Amino acid sequence: MAYKMHTKSFILHSDFSPSGDQPQAITQLIEGLENGLAHQTLLGVTGSGKTFTIANVIAKLNRPAMVLAPNKTLAAQLYAEMKAFFPENAVEYFVSYYDYYQPEAYVPSSDTFIEKDASINDQIEQMRLSATKSFLERRDTIVVASVSAIYGLGDPDSYLKMMLHLQTGAIINQRQILAQLAELQYTRNDQAFERGTFRVRGEIIDIFPAESDDKAIRIELFDDEIERLSLFDPLTGSSFGPVPRYTIYPKTHYVTPRERILNAIEKIKQELAERRQFLLENNKLLEEQRITQRTQFDIEMMNELGYCSGIENYSRYLSGRNEGEPPPTLFDYMPSDALLIIDESHVTVPQIGGMYRGDRSRKETLVEYGFRLPSALDNRPLRFEEFERLAPQTIYVSATPGPYELEKSGGEIIDQVVRPTGLLDPEIEIRPVAIQVDDLLSEARQRADQNERVLVTTLTKKMAEDLTDYLDEHGIRVRYLHSDIDTVERVEIIRDLRLGEFDVLVGINLLREGLDIPEVSLVAILDADKEGFLRSERSLIQTIGRAARNLKGKAILYADRITNSMQKAITETNRRREKQMKYNEARGIVPQALNKKVGELLDIGQGANQKAKANRNAKKVAEPTALYVVPQTAKEYQQQIKKLEQQMYKYAQDLEFEKAAAVRDQLQQLREHFFEVQ
């Protein structure tokens, strides 16, 4: 059956029109893409509106796009921004759906085999399915993804073949529909109607599609004919009205037609026989017994159920690819004329290059010791050269582009240095190392008195801890951000810094791309003259840029000599600052402070459920007002505390970090009130 794609145009919603360097950057990027340039680099400084520029390019070219981000946090931030720019179009989110993931591994030195263990986030799985569905169905699609996009996914050809097409008036009996749903790995559940399940009541079949979070489809049969199709709310049961046709997508990306599974089983048996012979010839009897037992169990499971635990290790056969060929990934679902935007490319590009090697070494050990067949090596992320081959026209976006991006762009970069707000890059001062701690203490006090914040970056964990203790002893409200802090707590700490719970944040690597704190007026870089990864040109520019969102932004570099990296970072920052000042003077622009609300970060999945958003309480999470009803007795207090704790952990588990932080604040207030009453 030919597949028809919806051709709706992108409609950009914004209260602002492009300004500063944005109009010029948009024009240059569009011209480059229309002239067939495969690679372009956008050098956009912090706060210059890079996302808005990219949104304008996508809207004007009207082409589907994938935006790659280096981590889940930044991907979520970009998803929220793109969702706001394109509320009428398909903006999707595609990141790893594991809350916890322990890959299968073997440690020969201790003869320890570690079974694969994983916890899948149901909401993110739904968003991944929604992302591939949008790429297959709609032209007006933007998928914001992490490097999870280069990992193996189900074969799109098999995925498309397995779809169940429903149409009013079609002749199909109930038994056929139920059999096809079972093939799509949907399960029947007449009690709990959840995502990926269906229920049957007489001649009515209700299906809750795996990629949907708020709409289910009802099939009403009259004998062997589909009499009516209608969408309804699975929670309330209220109808959204009839639809002429509907397509049910498989419950998972890894679903495979029965004939291909049977074909794969024969090839697996053949490989197993060859592997057994090899192991026996090399006197590896234990390994031979192990691989035989494990593989035969998998074959039986696939024969009976159509899948098995770890079925992805047989992806070479299931996708019909030859040895060494790249696995199917999200790139195989993209339309051929899609755009690829790599955000924070100086971090993301090296990440893409590093994924394959780590995965390969772990799997080679499993193969060598008889836990997996050699074909399991083809269940892998893309190699870098394969990624390059598959990537469509690409725009690299970074404040500090790396050598790879510059080489691919032929050394030509598109500058976006002037901010729409007129804000300038921070002033840079160099002060001697000998006075760095006491000088920092003095600067921190001045900033705290003016209700401003300070970021301090050190070289070692010990130095960061000692500095935090020293500042604390001298009355500075200070916190220390270190590598042991998880994502939820990190979001909470940054939120508390913005709210003024403390004034100084100390860390080792605070250049984290996308760390958006307009209240920070001072960045202090200790031991700036120690060459290395944390004091490279890019690291220094990124760290200095953390103060670029404040009217009084300043960076102090404590150093006894000016290193090559320092000189380059200072020269580049001064170049940008000079260009910004000239632009402002020529147009009479007065720099304006950013008033970004603390609550405007992200709620992963909020965009996916507009109804929930509309019904949500209007209060922002940044507001310290408690939303609970004040209990009257000790028992009521304990019940309320327990209830809020459960709610907080649920939000954290769903990656809704800001909601979790808001509930944490409520808990703290409730506990304080309880102790006062006691």
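We count from 1, first residue shown onward.
Here the Cβ of each residue, glycine as well, is placed from N, Cα and C on the backbone.
These figures come from a predicted structure and were not determined experimentally.
Feature annotations, courtesy of Swiss-Prot:
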DOMAIN    31-417  domain 'Helicase ATP-binding'
BINDING   Gly44, Val45, Thr46, Gly47, Ser48, Gly49, Lys50, Thr51  ATP binding site
MOTIF     97-120  motif 'Beta-hairpin'
DOMAIN    436-589  domain 'Helicase C-terminal'
DOMAIN    638-673  domain 'UVR'
For the domain 'UVR' (638-673), the DSSP residue counts stand at 33 helix, 0 strand, 3 coil
Checked against DSSP, the composition of the motif 'Beta-hairpin' (97-120) is 3 helix, 15 strand, 6 coil
Across the motif 'Beta-hairpin' (97-120), the model's average pLDDT, rounded to a whole number, is 85
Taking the centre of the Cβ atoms of Gly44, Val45, Thr46, Gly47, Ser48, Gly49, Lys50, Thr51 as the ATP site, the remaining residues of that chain with Cβ inside 8 Å are Thr53, Ala399, Gln416, Arg419
The answer, for which of the binding-site residues Thr46, Ser48, Thr51 has its Cβ ringed by the most other Cβ atoms inside 10 Å, is Ser48
Mapped onto three states, the DSSP assignment of Lys50 (ATP binding site) reads helix
Filtered by Cβ under 8 Å and at least 6 apart in sequence, the residues in the chain of Gly44 (ATP binding site) near it are Ala25, Lys50, Thr53, Val397, Ser398, Ala399, Gln416
